[in-house]
Amino acid sequence: MIKKENRTLSNLLSFIRIFFIIPAFFLIKEQRNDLVLWLATVAMFTDWLDGFLARRWNQISDLGKILDPLADKVSIGGMVLALYLYQGFPLWLAALIILRDVSILIGAVFIYDKERKVASSNLPGKVSVAVIALAILLFLLGLRDWFDYSVYAVILALVVSLVMYAKVFIQLVKEKKNAG
């Protein structure tokens with residue numbers, strides 16, 4: 001049962017966003033990039049809206065801190081996987097994106113298991129999601145030259161965000177060691 005304080009519109013929007021990947025995957029397979037773009041636009045809007053509502057209505061919750069970045073990772077991971085499988089998205093880039101996200105998820109689970117703290121997203125993580133989303137949009141629009149340029153920004157964003165998350169993880173481990 002979901003606790004009452006976690007039953008919020010912003011958490012519902014994040015939860016629903018996780019399932020956007022199912023139609024997106026099939027639309028990518030069917031080369032319906034026009035509909036994928038609409039679905040991605042709705043997903044990006046709900047991503048913004050859930051955060052806005054949580055802050056505006058003072059409904060920030062631990063569940064929301066988990067659901068929102070999880071929805072981002074599932075959506076982006078699923079999209080790049082489908083684009084690789086059906087539309088020629090570079091395998092190495094899809095693998096980097098998915099590996100970075102899996103690494104962050106493993107770190108977050110470890111932190112929660114050891115500290116009972118929910119790791120929040122940070123600014124570099126949010127920027128990397130935006131940069132990756134832009135690259136995906138450029139790919140879907142068939143703007144391959146622009147997509148090729150955006151790959152450099154994606155790599156930079158992935159590295160910076162992974163380093164920042166690693167620093168937070170290492171700091172928490174050190175604090176735990178010093179306290180124990």
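Just so it is clear, glycine is given a Cβ too, placed from its N, Cα and C backbone atoms.
So that you can see what the record holds, here are the features copied from TrEMBL:
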- 12-29: transmembrane segment (TRANSMEM)
- 92-111: transmembrane segment (TRANSMEM)
- 123-143: transmembrane segment (TRANSMEM)
- 149-170: transmembrane segment (TRANSMEM)
Residues of the same chain, at least six outside the transmembrane segment (12-29), with any C-beta under 8 angstroms of its C-beta?
35-36, 39-40, 42-43, 46-47, 49-50, 53, 64, 67-68, 70-71, 74-75, 78-79, 81-83, 85-87
May I ask for the residues of the chain that lie six or more residues beyond the transmembrane segment (149-170) and have a Cβ under 8 Å from a Cβ within it?
90, 93, 96-97, 100, 103-104, 107, 110-111, 119, 122, 124-125, 127-128, 131-132, 134-135, 138
Same-chain Cβ contacts of the transmembrane segment (92-111) under 8 Å, 6 or more residues past its ends?
66, 69-70, 73, 76-77, 80-81, 83-84, 117-119, 125, 128, 132, 151, 154-155, 158, 161-162, 165-166, 169, 172
Can you name the far-off residues of the same chain, 6+ from the ends of the transmembrane segment (123-143), with a Cβ under 8 Å from a Cβ of it?
33, 36-37, 40, 44, 69, 72, 76, 79-80, 83, 87, 89, 97, 100, 104, 150-151, 153-154, 157-158, 160-161, 164-165
